[in-house]
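S.K.: Quick one: the structure is below, questions incoming.
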Amino acid sequence: MKVQETRSHVHALGEEEKVMTRKQKAESKAHEVEHSPKKAKVEKEDGHINGKSETGVAEEYDEFCKATTEHLPLEQMRDILEANGLDSSGSDLEITRRCQDLLFYGALDKCSVCNGSLEFDGRRYVCRGFYSEWASCTFSTRNPPRKQEPIKLPDSVQNSLASDLLKKYQDPSHRPHRDLGLAEKPFTGMMISLMGRLTRTHHYWKTTIEKHGGKVANSIIGSTCLVASPAERERGGTSKLAEAMERSIPVVREAWLIDSIEKQEPQPLEAYDLVSDLSVDGKGIPWDKQDPGEEAIESLSAELKLYGKRGVYKDTKLQEQGGKIFERDGILYNCAFSVCDQGRGLNDYCVMQLIVVPENRLHLYFKKGRVGDDPNAEERLEEWDNVDGALKEFVRLFEEITGNEFEPWEREKKFQKKPLKFYPIDMDDGIEVRHGALGLRQLGIAATHCKLEPLVANFMKVLCSQEIYKYALMEMGYDCPDLPIGMVTNLHLKKCEDVLLEFIDKVKSLKETGPKAEAVWTDFSQRWFTLMHSTRPFNFRDYQEIADHAAAALEGVRDITQASHLIGDMTGSTIDDPLSETYKKLGCSISALDKSSDDYEMIVKYLEKTYEPVKVGDIEYGVSVENIFAVQTGGCPSYEDIIKLPNKVLLWCGSRSSNLLRHLQKGFLPAICSLPIPGYMFGKAIVCSDAAAEAARYGFTAVDRPEGFLVLAIASLGNEITELKTPPEDASSLEEKKVGVKGPGKKKTDESEHFVWKDDIKVPCGKLVASDHQDSPLEYNEYAVYDKKRARISYLVGVKYEEKEEKGAVIDTAE
C-alpha cells in the first residue's frame, strides 16, 4: 500500500482548550458579575453570599483550585467524578475543571431539557447531552441547579493530603453559591492586540475592550488575536503582522470588535479573517464562517468536485488518468456523507471512494472537513495492491464514521443515525447539472449549432446553462462544491420530505414552551442540515423560515435534480446539438408568439395592468417583456381537455428559471407541505395569482441577473369556490375535496376591467386596487387548485427587470 498524500485534520478541541484556559484563569481570579435577582435566597442585602462577598468567594475558589491541583492527582479526580456518577472522560483541563466545580460548589443537577449533564465551559454552564441522535442539547445557564446532598469521596481520597480541604465543602449548607449572573462580558479572558489606523483611535478601543472584560496587549505574543485595518494588508503589513501570521495568531477586521460587543458574545474569529490567503499554506475559511457576499463569489466560481455516484472526486486528479469508481456485485464504492450539529460546532462533509485506473491500479480516497477549509481537512489517497484489503478498509471507514454497516445501507438503505456521526447523502447515478450543463464558453456555440428555431434555441440555452443552477443553489445555501446536492436519489428527497412533514405536524401540536420548545426546533434544524448539507446552516425559528429555507428549498433541489437527469453531460462537443437533445427529452412543444398576434398583445396588457415594481433597497425595478412562448407539455392536460372544464381562469404562477425544465416535463406539482404562510397556507395545492406582481416577486432573484420567466396557466377553479380569509388550521379537508380555493389579498384586480378570452377563459386583467381585506396575510389574491388535471401551463413570459427612475407602488422582496 502506497500513501500518496496525507493531511492531518486540525481539531477544534485544541483551540477550544487554549481559549478556555485563558477564560478559566480570568474566571478564577475574579467573578466580575452583577448581582442577580435569582440570588435572593443566598445573598444578603450587602451583596454577600453566605456571609462572603463575591470577590471573597472568587478568591477562595482560586485558592481551592491551587490546592487541589497541587495535592489531588488526576486519577483521584477521575475517581471522585465516577463516585458521584459524573463523566470522567475528556482532556486533563476538562477533568480538573469538572472536579473542582463539583467539590467546591456541589454536584450539578441534570439538564431540565434533555436530562443530560451540565458542565462549565469557561463562560456558562452548558449541557453535554442530546435531544436525539441528530442533535446535541444547546441548553445553557449561568445559574445551574445543584443537588443538595453531600459529595461522595472514594476511599483513595479519604486519606489524601487534600481530604480535610474537601470535607470542608461536603456539607451542602457550607458551600458557597456560584451564579455567574447576567454580566458576562464578551472579551473576558482575552488579550487583544491592535495595529494600524482603525476607524476609532487605539485609546478608544483600549478603553472599550477593557470595559467589556478584555485587555489590550502591546506585544503579539500571547494575544488572542490581532485587530488590523485592511490598509495594513494592502501595504504588505508590518513586522507585527508578519509575527502574528508566523505564530498562527488570527488577524481580524475591526468589525469583529464591533459585532462581538453588539451581540455580547465573542464572534468566530475566522469569519473576520483579514490575511489567511496571504499565508504560505492558506488557512482556509469555512464558507459557513464567511460573509455571505464573499461566500457567494467563491461559490459561483467553484467547480463541482463530485457530480454523482460514478463521479471521481476532482481533487484526486485520477479522472485525468482514466480513473473510474470501483464496482463489484452491483455496488459502486463511492459514498458521500454530511453531519450538522451546531451545538458542537459541526458542519462537516465526508467523501470516500475506491477508484480504479488503467492497468487495474486501485486507490482509496478519503476526505473529511468543512466546505472552504481544505487546508484543515483530513485527506488521504492510498494505492492498494490487494483488492480485498482495500474493500475491508473502505467498509471499516464507513462503519467508523457512521456507526453503521456498509452493505445493509448500499443494498437495502438500512441506516440508523448515531449521535455526532455522519449520515449518507444518497447520490444518484447521473451527472449533477453544475458539472454537466453548459459552461459560459459553450453557450454561444451550442445555440449556433442548434437546429431549433432561434428564439427557442436561445430559451433552451438559458435552461441548459450551469449559471442558473449555480445561482439557485447559492441563494438557497445548498451550494457545497464537494457534494452533489442536485443529484440525489428520490429516496433521499423523500426522506427530507418526511422529516419536514413530521416536524410541521409536531410543531403545530406543540404544547411545550421555553427551552423545551426551542429544543424541538433545534433538533429539526440539525436533522435538516445533515440531510441537506448547507454552507449556511442555522436554527429555524418560525414558519416563514421553514417556508423559505426548507419547503421551497426542497422543491428547488427536487427540480434541479430533475434538470440534472434531463441535461446529462454537455461537457463534450456541442456540435452534436445537445440543446435539441434535451428539448426532445422534455416531450413538449415550445413556440415563440408573433409580437403582433392577439395573444401576445393580450398577455402584455395583462402583465402591465397587474404588475407593481419590485423593490430592492431603495431601488425599484419595472419589467419589460422580451419574448412570449406558447407551451404544450405532456405533463399537463391538453388544451382540448382543459377547455371542457368549468370556471377557467388565466392566472400567473411564480417560477425560477431553475424550476422550468421540471415544469415543462412533468407539469405543476403541488406545494410540498401546509404552513400558515403565503404560498403554503392552502396545503398541498398548485397556487396561482391574478397579479403578475406576485409572480414577479417570486421570479426576481438579484439585480445582476435581470432576466426571468413568468408562467401563465389556465386553471379550472370548478363550480364551487371556497374563499378563505385566514390560513386554515387543517388544509387536509381541502386537499381531499379538491375544490377550488381563493384567498383574497390586500389588493385585487379591478373587476370592471376583467374580460373573457377565447373558449370562455376568464382573464382577471385590471389595475390593482385596494380590497376590503386589509387584514389578509396575502398581498394579492391567490387561487389554489388541488388536482393536476385542472391546471395547464400555457405560456412562458420572458421578462427583463429594469431599474425605474420614477417612484410607484412597490413590492418588498429580498435580493
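Glycine too: its Cβ is placed from the backbone N, Cα and C atoms.
What Swiss-Prot records for 1-52, 726-749 is region 'Disordered'. Residues or ranges marked as domain 'PADR1 zinc-binding' in Swiss-Prot (evidence: sequence analysis): 39-179. Residues or ranges marked as domain 'SAP' by Swiss-Prot on the basis of sequence analysis: 69-103. Summarising the annotation, Swiss-Prot assigns region 'Zinc ribbon' to 106-150 and lists sequence analysis as the type of evidence. The Zn(2+) binding site annotation in Swiss-Prot covers Cys111, Cys114, Cys127, Cys137. Feature annotation from Swiss-Prot assigns domain 'BRCT' to 182-274; the stated evidence is sequence analysis. What Swiss-Prot lists as domain 'WGR' is 322-422. Annotation comment: Swiss-Prot describes 449-568 as domain 'PARP alpha-helical', evidence class sequence analysis. The annotation domain 'PARP catalytic' is assigned in Swiss-Prot to 577-808.
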S.K.: Between the domain 'PARP catalytic' (577-808) and the stretches 182-274, 322-422, 449-568, work out which stretch tops the count of Cβ pairs under 8 Å.
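M.R.: That would be 449-568.
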S.K.: Could you tell me the mean pLDDT the prediction assigns to the domain 'WGR' (322-422)?
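M.R.: Averaged over the domain 'WGR' (322-422), per-residue pLDDT gives 95.
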S.K.: Suppose the Zn(2+) site is Cys111, Cys114, Cys127, Cys137. Which further residues of the same chain have a Cβ inside 8 angstroms of that site's Cβ centroid?
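M.R.: Not counting the recorded site residues, we get Ser112, Val113, Asn115, Gly116, Ser117, Leu118, Arg128, Gly129, Phe130, Tyr131, Ser136, Thr138, Phe139.
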S.K.: What is the Cβ neighbour count of Cys111 (Zn(2+) binding site) at a 10 Å cut-off, with all protein chains included?
M.R.: 23
S.K.: Just jot down the residues in the same chain as Cys127 (Zn(2+) binding site), at least 6 apart in sequence, with C-beta under 8 A of its C-beta; none if empty.
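M.R.: Correct list: Cys111, Val113, Cys114, Gly116, Ser117, Leu118, Glu119, Ser136, Cys137, Thr138, Phe139, Ser140.
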S.K.: Taking DSSP three-state, what's Cys127 (Zn(2+) binding site) in: helix, strand or coil?
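M.R.: Cys127 (Zn(2+) binding site) sits in a strand per DSSP.
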